[in-house]
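To start, the structure under review is shown below, and the notes come after it.
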Amino acid sequence: MSTSAKPVSGGGLANLSLYNMPISCFIVLFVVTGVATYTGSMPGGMVGSLIFLISLGSILGWIGDRTPIIRSFFGGGAIVAIFVPAIMVYFDLIPGKTLDAVNEFMVGGGFLNFVIAGLITGSILGINSKVLVYAGVRYIIPLLAAVFGSALIAVIVAAIVGFDLREAVMVIALPIMGGGMGAGAVPMSQMYASALGNDPAYYISILVPALALGNVFALIIGSLLNMLGKRFPSLSGNGKILKNFEYEPEEKAPLDVGKMGAGLVISCAFLALGYVLHIFIPIHPYALMILSVAIIKVTNIVPQAVVDGARQWYEFCIQNFVIVILTGIGIVYTDIGAVLGTISISYVLIILGVVIGAALGAGVAGKLVGFYPIEAAITAGLCMANMGGTGDVAVLSAANRMELMPFAQISSRLGGALILLIAGFLLF
């Protein structure tokens, strides 16, 4: 994960930069932010939330990327930027005013949607059209294999540890593979309540810990798969998902601030289009957005200047906003209390089995249909087993493969819809 921490020139602390500024400037920023936060004088809304998340996230990302065990096995800065803020929330170390502001900024203010829209649009429009057509059709195979692998391993582990087999699938495997909270756990809890009784909130409290722990394991395994790809280069495309497919890379246009603005606007427009289509088609707006961008890309009807702008806006988001949303994910979406409240050895082992099964199923099936196993395992496997759009960003950051965002979003959104269909069939 890039945390924008790097030497300015030469080595040593004095030459370090954080968030693209010299360390001396960043220290002043950090102190001002801390004083404003803990004296209650931080501006509300976007300004206060952004400066708080940038200050905290940049420090945590830098620490995570430079702590050997965490860097090598636990996702580095990505996992530290998520879980340290979550722990701070759990121990009431962040003032309530700041928590409310960050929650409103990330959720009510739509900043998470704003960044993910830029990542989706830029990453799809930036794909070579031949790659998109060639890969998209066959992607369903590793996706289905991930679902089968996760359920199979869940049942096997449950049988070994004496856990109820039906609960292993319904309460652990399906929620983990269900596309996150909004598109997975929430509608699934309503389905469970309708079929089995009890309030949906009861099922949410059961499903959320599985999602949270599954997301943790997806992060860790994503980092391990990145290491595996370096150890065995033949298994990895280093961010390319297709094997034995040669094409001429498209040249990058020179940086143009005006074009970047067009990229910002077009990414928001595609997200709006997804919500418009959702009125008529009962599929998650992100899924409809992905399909819309892919169709537009394949038909080549978007002017090249707009495509260049979308690519450059995507790169801006990667460089400057990923650390912000990772820290926000930790504060808003990661409930340490829920995780701790349901932990048992058997429960954790089944969750681990689900995530491993998803990665194995997707990796093996992906290899059979011409994908690199590492990339297939990450996108069709781990990005089905994480917490949806937020988890996609974290897992791809941990695996150092942010360019796979289009496939990750297909897994989270279309794959999540598939899981809801399976859950409905099993219930009724």
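Using the three backbone atoms N, Cα and C, a Cβ is placed for every residue, glycine included.
It is 105-127, from the ranges 105-127, 289-311, that TrEMBL records as transmembrane segment. Listed ranges 20-38, 248-266; the one TrEMBL annotates as transmembrane segment is 20-38. For the transmembrane segment (105-127), the neighbouring stretch richest in Cβ pairs under 8 Å, chosen from 45-63, 69-93, 313-333, 339-362, 369-387, is 313-333.
When each of 20-38, 139-161, 313-333, 339-362, 369-387 is checked for Cβ pairs under 8 Å to the transmembrane segment (69-93), 313-333 comes out on top. Put simply, of 20-38, 45-63, 313-333, 339-362, 407-427, the stretch with the most CB pairs closer than 8 A to the transmembrane segment (201-225) is 339-362. Simply put, out of 139-161, 369-387, 407-427, 139-161 has the most Cβ pairs sitting under 8 Å from the transmembrane segment (339-362).
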